[in-house]
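Here the structure is laid out as structure tokens; the discussion comes afterwards.
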Amino acid sequence: MNQLTAPYLSYLLEVEWQKIENFVFPSEFAKQWLLEQGSLSRRLGEHCQNLTVELLHNQIVDMSVLKDDEASLLSPQECLLREVVLSGDKQAWVVGRTLIPRSTLIDQQYDLARQGDIPLGLTVFSADAVKRDGLQVGVIMTPDGPLLARRSRLWMNHKPMLVAELFLPTSPIYSKERV
């Protein structure tokens, strides 16, 4: 794991998630990023020449690893835990943590367990039936200053997964205004 990005995974787990209507967005620009309904990977790709994924973790974990609020958004079963860093032109932009229940992995048109260095959003939003719900946002104080985050449940062919994303200091979300 990249030592520069390792602390950000722990920050992502510490975010206190808020409903959209209760969150004070730092700017209209940041709000647009946080409320993106389509593929964040696709949106990030529009801001760089080369979007890459560093796969940090990709294995099945027991449900006991999930936090209570995560478990309440998914069915009670083992999940594939996928943790990544999305980078644009070699700048780390987003740390992502996805929980995919074992039942979601079955009977899909894509093998989500073997995504490797392919951005998950590009695959998910290529599926036949995709929707997002339960969007929550947050901000976490770090030594680098306040960082924005979002979490939502994605449904791919009527099966859920939980995706959380922390926007790192060099992310385009901060390019117009800093938090």
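Even glycines carry a Cβ here, placed using N, Cα and C.
What TrEMBL says about this one:
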BINDING   ARG82, LEU120, GLU165  substrate binding site
Nonlocal residues around LEU120 (substrate binding site), in sequence order (Cβ under 8 Å, 6 or more apart):
SER41, ARG82, VAL84, GLY96, THR98, LEU112, VAL163
Have a look at the binding-site residues (ARG82, GLU165) and report the one with the fewest Cβ neighbours inside 10 Å.
ARG82
Span of the recorded substrate site, as the biggest CA-CA distance among ARG82, LEU120, GLU165 in Å, is 12
Using DSSP reduced to three states, classify GLU165 (substrate binding site) as helix, strand or coil.
strand
